[in-house]
């Protein structure tokens, strides 16, 4: 196969892969972020303590994470057909990718939020801050660098999942590698597909690391978040504070005059 013949195939496969990864990442964030926060907030001693909800939600997420993706995507074929009207192609693969990514990202969110200094939470509570204030002013801002790192890991995982989705007709670079590289013995096309996957993963990792460094450079977990600083009462200090030596001299002068 010549390069001219490969170009349209590679172009379409790259677009399909990016399509699957983009939409499944979006659904993973929309579903995984609130579920991860709910796991933390309903834990023992937490703001919304509810052991039953916490245990049930944790069990469901563990179930979703325990299934190998290649089995999950086959198991979800009827569900994908019911949702998007087909069981093959990138749109059908997005359904399985999202279902597999939500519990994965939710656990990463849980881990990131648990790392936040509990002293900041107690400080806001002592000032009368409610649950939503703590979540949006403390937990999310403080956990943001770790959340971005977790999101980067999720995107890279989804790139690998999208390649596996190609094995069952999901489209993308994985489908191209199997259909042409493996079944038709197009070694050159297989090698180019591998290089493209490496380039995409490397680009995502570098971008994620850059964002994390930028966020950490602003103070990271060391400084109180802007929202919290606005809640803290202003500390007023006297305009002038006499030094210990000056105070002692003034006291001695007063005693001398009295004598």
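Even glycines carry a Cβ here, placed using N, Cα and C.
As annotated by TrEMBL, domain 'ABC transmembrane type-1' applies to 14-208. Residues or ranges marked as region 'Disordered' in TrEMBL: 237-259. Annotation comment: TrEMBL describes 20-41, 53-77, 83-106, 188-212 as transmembrane segment.
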Beyond the flanks of the transmembrane segment (188-212) by at least 6 residues, Cβ under 8 Å
1, 6, 9-10, 13-14, 17, 145, 148-149, 151-152, 155-156, 159, 163, 173, 176-177, 180-182
Positions on the same chain near the transmembrane segment (83-106), where near means CB under 8 A and six or more residues out:
16, 19-21, 23-25, 27-29, 31-33, 35-36, 39, 60-65, 67, 69, 72-73, 76-77, 150-151, 154, 157-158, 161-162, 165, 168-172
